[in-house]
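Following: one structure in structure tokens, then a few remarks.
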Amino acid sequence: MNKNSSNIMALAPNTSNKRETVCIFGTGDFGRALGHKLIQSGYPVVYGSRSTQISNLIPKDAEVLGHAEAAQKAAIIIIAIQRQHYNFLTPLAEVLRGKVLVDISNNLKLNQYPESNAEYLAQLLPGSKVVKAFNTVSAWALQSGTLDASRQVFVCGDDVEAKQVVMDIVRALGLTPLDKGSLLAAQEIENYPLQLFPMWKFPIFLSFGLGAFFFIYCLVLDVIYTYIYENNNFSFFIAITIPNRVFPVMALILFALVYLPGIFAAIIQLYRGTKYRRFPDWLDKWMLCRKQLGLIALAFASLHVVFTLVTPLRAFASWRTSKRIVSQALNNQTEPLDHTNAWLSDSYLALGILGYFLFVLLGITSLPSVSNNVNWREFRFVQSKLGYLALILCTAHTMIYGGKWFLSPSAYKWYLPDIYILSLIVPCAILVVKFVLIFPCVDKPLTRIRQGWERNPKYSE
């Protein structure tokens, strides 16, 4: 009778300043870190352990008892042990009956077991109220206090009152609980910390694939071709010249790919005459990773800036400049200023600087700390209007620099176009289609469709 009443009191809303005792099974890194954080937040903490000896690692204000004795002192028990050791809890089933068990465990790989660890714990102890929580927070973050990157705590459980008690503890620790529903969501919550940049996989693989292709392409044209037909060894181009040709090409193409799915979406909606049908799965996934594509493109653009700044320091650049000066001195000749080339050079640099500035602005506004402080219209203006302006500037920057190779037969080595010609295909195609889409005869029906109008309502879903 006393046990049941104490459990009910522990689960009731805390109306006084005194907090209920929390029991932690397990004295590992996370158990100690969580116990220390609980004590700082005003919770009495008792550890349940096989060894009742006080260690210097245990928080000094915590009590260490055997598992059964520690469980009797609290209605909330945090299970800070791995799944393979859950069997020792079975003999404690009566002691744990009616108590809230918080499962914080993680696995070594995705979907390691048929059911989640929390569901397995609920099967072992059907009389207890199992809640999944805290598995997305690291022990290091709890100890160091650097919780900005892991402040959100996913919580799920079948008992509403038990789940609310755990969420109150989460808030007391300065964290933000997010209710994910019933215990069926535990599998997803346990898989979350094991995912390695899930939204970055496609952009990274695409970047590696395109980067390798363009690097080999430049290697063939700038090194191998030159060595075979001109007997010049330019193998040192691999260090600076070729990367500085690949980086801007990658930046421009990946930047263009950020806006290409929006073009596809507009064409599909115009063709269907409705917005109430799902896009193809590949387009949905593409649209979800546009931010990552843009950030990788910005990284390539930044590398291009750095490599360009160090170009004058290269031995090859110094040799080529001194050779030109010596040649003019020996021939007693001076080259007059070519105003056309001067205009092209300054325009090329100005467009590159402005395009990179807007590119950086897009990257900054994509950060959560910035995007959360602007409204929807401001965010859309920056990401769409200024984004397309940045794409135009970067495309013009590349076109001015690489335009001289378009009509030059010497640029087509082995009948292959220069890399800058290839880089302009995707962005130019996007800008041409976007130009067509802003015509009133096209933009008005597209706007109506996005506002809910349907050409043929029977296709709505």
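Keep in mind that glycine also has a Cβ here, set from the backbone N, Cα and C atoms.
The domain 'Pyrroline-5-carboxylate reductase catalytic N-terminal' annotation in TrEMBL covers 21-107.
Taken from TrEMBL, the feature transmembrane segment applies to 204-229 (among others).
The transmembrane segment annotation in TrEMBL covers 249-271 (among others). Long-range contacts of the transmembrane segment (249-271) within its own chain (CB-CB distance under 8 A, at least 6 residues past either end) are made by residues 203, 206-207, 210-211, 214, 279-280, 283, 286-287, 290, 293-294, 296-298, 300-301, 304, 359, 387-388, 390-391, 394-395, 398, 419-420, 422-424, 426-427, 430, 433-434, 437, 442, 445-446, 449-450.
Annotation comment: TrEMBL describes 249-394 as domain 'Ferric oxidoreductase'.
The annotation transmembrane segment is assigned in TrEMBL to 292-313 (among others). Cβ atoms under 8 Å from those of the transmembrane segment (292-313) belong to residues 199-200, 202-204, 206-207, 240, 243-244, 247-248, 250-255, 257-258, 356, 359-360, 362-363, 366, 394 of the same chain, restricted to positions at least 6 beyond its ends.
TrEMBL lists 347-365 (among others) with the feature transmembrane segment.
What TrEMBL lists as transmembrane segment is 386-407 (among others).
For 419-442 (among others), the entry in TrEMBL reads transmembrane segment.
Comparing 204-229, 347-365, 419-442 for CB pairs under 8 angstroms to the transmembrane segment (386-407), the maximum falls on 347-365. Across the domain 'Ferric oxidoreductase' (249-394), the prediction's mean pLDDT works out to 89. Per DSSP, the secondary structure of the domain 'Ferric oxidoreductase' (249-394) breaks down as 122 helix, 0 strand, 24 coil.
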